[in-house]
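Feature annotations, courtesy of Swiss-Prot:
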DOMAIN    4-146  domain 'Clp R'
BINDING   GLY206, GLU207, PRO208, GLY209, VAL210, GLY211, LYS212, THR213  ATP 1 binding site
BINDING   GLY607, PRO608, THR609, GLY610, VAL611, GLY612, LYS613, THR614  ATP 2 binding site
REGION    765-859  region 'C-terminal'
Amino acid sequence: MNLFEKLTNQMKETLDSAASLALHSSNQEISLAHIYWALLSNHQSVLNQALNKMNIDKTALELQARSEVDKLPKSSQVQKENLSISKELSSALNLAQGEAIKNGDSFIAVDMFLIANLKESTFVAIFKPLVDIAEFKKTLLSLRGESKIESQSGDDNLESLSKFGIDLTQKALENTLDPVIGRDDEINAMMQILIRKSKNNPILLGEPGVGKTAVVEGLAQRIVAKAVPTSLQNKKLIALDMSALIAGAKYRGEFEERLKNVVDEVKKAGNIILFIDEIHTIVGAGASEGSMDAANILKPALARGELHTIGATTLKEYRKYFEKDAALTRRFQPINVNEPSINEALQILRGIKPNLEAHHNVNITDAALVAAAKLSSRYITDRFLPDKAIDLIDEAAAELKMQIESEPLELSKIKKHIANLEVEKQALNMEKTNVNEARVLEIDKELENLREEKMSLEGKFEQEKSVFTRIATIKAELDSLKRESELAKRSGDYNKAAEIDYGKIPDIQAQEAALHKQWEEMQQNGTLLKNAVTQESIAGVVSRWSGIPIKKMLQSQKERILGIESELAKSVVGQDDAIKAIARAIKRNKAGLNDASRPIGSFLFLGPTGVGKTQCAKTLAEFLFDNAKSLVRIDMSEYMEKHAVSRLVGAPPGYVGYEEGGVLTEAIRRKPYSIVLFDEVEKAHPDVFNILLQVLDDGRLTDSKGVSVDFSNTIIILTSNIASDKIMEIGDKQERQKAVKEALKMYFKPEFLNRLDDVVVFNPLGLADITQIVDIMFKSLAKRALEKGINVTLSQEAREHIAQVGFDSVYGARPLKRALYEEVEDRLADLILRDEIKEGDRVNFALKNGEICTHIEKE
C-alpha cells in the first residue's frame, strides 16, 4: 500500500501546507523544515498543543523554522506539480510508520511522526535551543494517553475532553467563576442524585436565565472546596461543548467517533462528571441515514452507570425534544430551577458585584443593584431574574466605562467650536474688508480663550483618567493576590497564604484607599468623569429597553399623579366625571392597592361622537408615557366577521399568517407599556369579548404560538356610541346612568361588564366647552406657525365666532375643526404661499362686521 494512504487526515493536511510553503519559498523539494514550519503555523496542531502545555512561546521556534527553510536551495521555475519529497522527509515518514506500528496504530499520526524524529538534525536545530526534548516526548505521550489511531480521522480525537470540553473544576480552582449564591437546595439535590446507585444523572430544568449553568458552577466550586460527600471528592466536572464536537465533522461517522472517544475517555478516567448544557441538542445530533444520534451513543454508558452526566435545558425544549425519547428520559432525574425572588436576585447581584467592578473598572453602588433587581422585575416582563438584572448592571457599567475611556463631551464641544472658528477665520481672510478684519480680531481673542480652556480640560481629563488607570491596576493586583492566597491555602502552603493576607494585601488595600480618597477630593472640585454606576444609570438602560421615560421610574410620582385630573382637563373639555373616574383607577394602581396581575385600568367610554373619548385616550398616553405613540389603537369595525377575530392573537397553526403573530399580542409584546384603545367596540363580533375576558381578568393573553403576553402594565380603553341617543336626550345624571346601564345589558354579557373597572359616560358638549376647545386647537396651530417664524394671534371675539360656527350638539367638537380650517388655517396658508408674510411677521385674526379678517404686522 502507498505510504501516503497510511497518513491520518491531519498528517495529510500538514504535508499540503508544507507543499504550499515550499512553493512560496521557491524550493523544489518539500523538506522537514517545511513540515515543522507548517505544524508551528497551525494553532490546532498536536505540536502546538504540546508547546502550550509546556508554556513555551512558539514565535521564536517559528522564526527558527523559517531560517532553516531559507538555507534550502531555491529555484526560479518551481511549479506545484513538479514538487517532490526530500530524502530526509521520506526517511522520516518511514521512521514514523515504524513508530506507529510499535504503538499499535493503524495510521501514521502527527505525534508519532514527531516522536520518531526527535533526534533528526533539522528537528534538533529548530527545537533543541528552546525545548527540553525528553519533556516534549513525555508531553506528546500524555496527550495521546491510551488512545490508538484506528482511522484516518483518529488524531482529530486525541485528548478529546481537552478539545471538546471545558474543565469547570479547574476554572473554580483558578477562582475565575462567579460566586453562586442562594442555590443550596438545587446543588444539594444534584449531589444527592449523583451519589445514587442508579438513575444518578440529574437534569436541570428551568426558564432561560434563571441560573441553571450557575448551579453546576456552584457544584464545581464545592468540589474544589471539598464541601461535597466523600464519593464526589476529587471528581472533575467537565462541560461538553456540543458545537465544537459537531463543527468540522466532515465525513460520515466522524462525529460519532469523536463522541465515542469522549465517552471512552470519561470511562477510563473514572472520576469525571460530564455536564451537557442545552442537552436537548443530543437528541438527533449527528443522525443521518445509517448512523446513530448522540443520545443513542450515550444511552448504553448511562444505563450501565459508566457515565456520570448532568444535563440542563429549558422546560419547553425538554418537553419538545427530550421527553419523546422515553429510554433517555428515564435515565435522568429532573431538578426544577425556579426563578429567584427579587431579594434572592439582589443577593446574587451583590455576590457578583466585585467581578463586574473588576471587569469594567467602575464602582457599582448598592442602590444600583437594588434598582436593577426591582426595575427589571417590574419593567422587563419577557425575561427572567437574575439574568435580566445582571444584564442591566453589565450594560450600565459598560456605558460608564465607555464614557471614561472616551473624550468628555465638554472637551469635544470646545474642539468642535475651535475647528468652526478656524474655518470661519480662513474664509474671512480670503476677503479683506474692515468688517472682516474686525471679526478676525474677535475670533483670535475667542480662540485664545478656547485654547486655554481646552488645555485646562485636557489636563483635568488626563489627571482623572490616570487615577482610574491606577485604581484598575491595583484592583487587578488585589484580585491576583486573593487568587494566589486561595490556591496557597488549598495546597497547604499556609506560610505563603499568611504572607499574602497579612503583608501584601493590606499594603495594596492602603494604596487603593488613598486613591479613592484622592478621587473624592477631586469630586469636591467637580470632575469631568464619574466612576460609579447609580440607580439613574440603571433606569437609563431600562428606559432604552422598555421605552418608559426615566423620570417615571425614579422620581416620586405622588405630585404628578395627584395632578392627573388638571393635566387631563387641559386637553379633554367638559368631561369632569370621566376624568375623575380615570384618575381614581390610576391613583389606586400607583398607590399599589390594585391587583398587580390585572391591567392598570379598564374602562368603557360611552358617549356621542366628537365629545373627546379618543382624545382622552391619547392625552392619557401622553401623560403616563410621555409619548402619544404608546397608544395601540385597534379599530373594531375590522373585526365584525368571526374569522377576523383570530387576527388579534394570530392565525392558528397551518393557516396563512401564523408566523406573523397577532395584531394585539405582537403590539403589546413590543411595547408592554401602552394604552390599548378598542375603538367602536359595539361593531366587533361577540367572540372578541371572549378574548378580552382573559385580558381584563388575568392581565395575560396567550397568542396562537402559545406565548403568554403580559397586559399588567397596560390601560384598556373601549369606546362605544351605544346609548348615545339616551345620553343626548336625558338631562338628569342619575336617570341617564340608569338608562345607559339598561342599554349596555342588551349589548354586552354580564361577565364582560363585571370585569371593567368603570363605565365612563361622556357628556354632550355645550357652547362654553366648544369655546375652550377653540383655545386648545388654536394653541396647536400657533405652535406650528411659530416653527416657521410666524406669530399668529386670535381675538376673543373671533374665538367666540368660530365656536358659534363650529358648534353642533349632535356631532360634538368635530365640526369645530372644519370651522377653524376654513376661518383661520386656509387664510394663513394663502398668505404664506403668496409670500405676503415672511419669517418674523405677526398675523392677527379678529372679528369685523361678523366676519374674520386678518391684519399683518411686518417685522
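Glycine too: its Cβ is placed from the backbone N, Cα and C atoms.
Within its own chain, VAL210 (ATP 1 binding site) has VAL337, ASN338, GLU339, PRO340, PHE384, LEU385, PRO386, ASP387 as residues 6 or more apart in sequence whose C-beta sits under 8 angstroms from its own. The Cβ of GLY209 has fewer other Cβ atoms within 10 Å than any other of the binding-site residues GLY206, GLY209, PRO608. GLY610 (ATP 2 binding site) is surrounded by 22 other CB atoms, counting those within 10 A of its CB over all protein chains shown. In the three-state DSSP scheme, LYS212 (ATP 1 binding site) is classed as helix.
Applying DSSP to the region 'C-terminal' (765-859) sorts its residues as follows: 51 helix, 20 strand, 24 coil.
Comparing GLY206 (ATP 1 binding site) with PRO608 (ATP 2 binding site), their Cα atoms are 52 Å apart once rounded. Sequence-distant contacts (6 or more apart, same chain, Cβ under 8 Å) of GLY211 (ATP 1 binding site) comprise VAL180, ARG183, VAL337, PRO340, ILE348, PRO386, ASP387. Listed in chain order, the residues near the ATP 1 site other than GLY206, GLU207, PRO208, GLY209, VAL210, GLY211, LYS212, THR213 are ALA214, THR314, VAL337, GLU339, PHE384, ASP387, each with its Cβ within 8 Å of the site Cβ centroid. Secondary structure at THR614 (ATP 2 binding site), as computed by DSSP, is helix. Each residue of the domain 'Clp R' (4-146) gets a DSSP state, and the totals for helix, strand and coil are 95 helix, 6 strand, 42 coil. Long-range Cβ proximity for LYS613 (ATP 2 binding site), meaning a same-chain Cβ under 8 A and a gap of 6 or more residues, is found for PHE605, GLY607, THR719, PHE762. Using CA atoms as reference points, the binding-site residues PRO608, THR609, GLY610, GLY612, THR614 were checked against GLY209 (ATP 1 binding site), and the closest is THR614.
Rounded to a whole number, the distance between the Cα atoms of GLU207 (ATP 1 binding site) and GLY610 (ATP 2 binding site) is 48 Å. Closest in space to PRO208 (ATP 1 binding site), of the binding-site residues given as PRO608, THR609, VAL611, GLY612, THR614, is THR614, taking the CA atom of each residue.
Cβ neighbour density within 10 Å is lowest for THR609 among the binding-site residues THR213, THR609, THR614.
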